[in-house]
Amino acid sequence: MLLTTGHARARPEQQQASADEPLEAKPEDGHSLTAPRPADDELATVAPTTTPVPAVAITQGATTGAATEATHSQPVVTAVPATSSTSTSTTVPAPLLPAAPEQPEYLKHCFYADEHLCMYGHDGQGNEAPDVLGHISTTPESDSQGIGLQVNASQGNSQNLERNANSCQCHEHPAKANSWYCCNISQMSMISSCSNISKWTNLHVRNLTVRTIDLSNPIFRSLQSLAVTDGNITRLINAFPRHSALKCLNISNNNISEIPSRMFKDVPHLEFFGMSRNNLSLVPHHNQNKNITVDISGNMRMLCNPLNEIINNDSFNFVNPKHSYCLYNATHEWFQSTDLVSVEQLESTKRCMTKCPVIPNYGSCKCRFESIMIIQDDQSKPKCHVDCSNLGLVELPPRLPDNTFVLNITNNKITSLGDHFQTNPTYHNINRLVADNNQISSIYEFEGTKFIENFQRIYMRNNSLSKIPEYFLNNALMDTGRRIYLAGNKLQCDCNSAKTLQNWLKERSTDIPDYMEIRCRNIPQSVIELQEAKLCQSPPDWTDYIYYLIAAEVILLLGLITKVSYDYWVFKTSGYLPWPASKMPKLPCDWLCES
């Protein structure tokens, strides 16, 4: 089968062959041919599969056997039988190819040869090599010669391999000037032996089996686009020649695990670097000011920490960052793990620096990317650390970067937390608050906030706290692993402190490492040393004696009634009063008893 792209000419052997003579379908370069081989006098023109090229129709006359070319606006397939007695041509319109997608700006200087160009044989000058086996009759009479031909072909192949190693195995692209492609290269001499290499502008090498490539090779000096893909390269060494004109470099789909860190030292014009589907763990540094687009997808050994340094460099842009991953060493609460994190997630860490708070009249906070919080369903978040310490602030910053997990406001003059933890969305993700050495007098502002539900660390040492709210005692340490630091605060101690706060500190001593250093402001001792018996004594309460007084009065009243009744009975029965009653002065009411 003979397939050409863009243009083709009939070979003399094709013009003389019989149209009815069957030909053997011969696999070439490891590719199987499943379709039957057409007659030699038929020539098919196939449009390229990637980049559309003007199609060429071939017309063939029986008398002269000459081939003429005609360019059409649409791809066509032309087949002309040799048995025609007059010059005829038949044109069958091929289905319209879909419009090629618009090429990204960063690929405008890149050259790639279609894969099908490597599927057919060529001689050392870029012409198609004669198909020897294709012209051997497969009739029964020729079967006896098959074994001998196979032996000769095997010997010829070994000789060809030896000859090809020292001859040019590259071919000029049929549609793009000064652009060459090389296929199935096992030695660099197959490229360096080509003529006029210094005039090459673009080069695409497919299936290069050389393990190590020296980038300082003069072959690459004049190139603007270099693609070495679909091979078995494992290592690149040295750097490109000085003042290289290279604008596009693609080494995708190899086994490369090592790249020189200074390979771009003398490549000032590079715009695209494709290194996808390799075994790389690092991206080489790019010290030029020019922007460069890189594709690192498919490198499953890529490390996040060095990659994050490159991401912070504004001159790097990434292709498909959502599906380009790197290995991140994550530290969880109880263990460490290695997780896959997308470049898109790493790029979001840049916002931690760009949105760092600047406080008028006080100065700028310092922000840095701390780590990545791994969440399921590819929703991992970068942790931003905001340091606003030692600025003399009197209130909290009005806004923080997104995904701020750590806020450090140590050594300021802040007196109140305000309503930031309740109403400010940029405070909702904080799980570590470092607020030592301030003048904060209350933590009631934490009540009902997301912070009190999610925090892991609170540092409130050396502040002006006077009381620990009851809600804080009940809810702050419900989850294990949380830590609260309150040393240096002088609380107002009373009986309730001795009963409730002291017990809370004893029960949560592991969660409050400095509980021994929490002191009282009204008693010269620490809270943990309070004695309930002393603090909970109450002054005498005279209301307890009222009941005794009432009881005594009732008893006296009953005794008086009894005495009067007795005296009356004695007087009625004996006619005289008892001695105590007779000595008592008479009262105006005594006449009632005498009547």
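Glycine residues also receive a Cβ, built from the backbone N, Cα and C atoms like all the rest.
Keep in mind that this is a model prediction, so the values were computed, not measured.
The domain 'LRRNT' annotation in Swiss-Prot covers 347-402.
Residues or ranges marked as domain 'LRRCT' by Swiss-Prot: 489-538.
Residues annotated as N-linked glycosylation site in Swiss-Prot: Asn250 (among others). Other Cβ atoms within 10 Å of the Cβ of Asn250 (N-linked glycosylation site) number 21 in total over all chains.
Note: Asn255 (N-linked glycosylation site) has non-local neighbours Asn232, Ile233, Thr234, Asn278, Asn279, i.e. same-chain residues 6+ apart with C-beta under 8 A of its own C-beta. As annotated by Swiss-Prot, N-linked glycosylation site applies to Asn255 (among others), with the evidence given as sequence analysis.
For 1-42 (among others), the entry in Swiss-Prot reads region 'Disordered'.
Positions annotated as region 'Disordered' by Swiss-Prot: 64-98 (among others).
Under 8 Å from some Cβ of the repeat 'LRR 1' (403-424) lie the Cβ atoms of residues 348, 352, 370, 373, 381-396, 430-443, 445-446, 448-451, 459, 464, all in the same chain and six or more residues away from its ends. The annotation repeat 'LRR 1' is assigned in Swiss-Prot to 403-424.
Helix, strand and coil content of the repeat 'LRR 2' (429-450), in residues and according to DSSP, is 4 helix, 3 strand, 15 coil. According to Swiss-Prot, the repeat 'LRR 2' annotation covers 429-450.
Along the repeat 'LRR 3' (454-475), the predicted structure has mean pLDDT 89. According to Swiss-Prot, the repeat 'LRR 3' annotation covers 454-475.
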| Which sequence positions outside the repeat 'LRR 2' (429-450), separated from its termini by at least 6 residues, show Cβ-Cβ distances below 8 Å to it? | 381, 389, 400, 403-419, 421-422, 456-469, 471-472, 485
| remark: Checked against DSSP, the composition of the repeat 'LRR 3' (454-475) is 7 helix, 3 strand, 12 coil
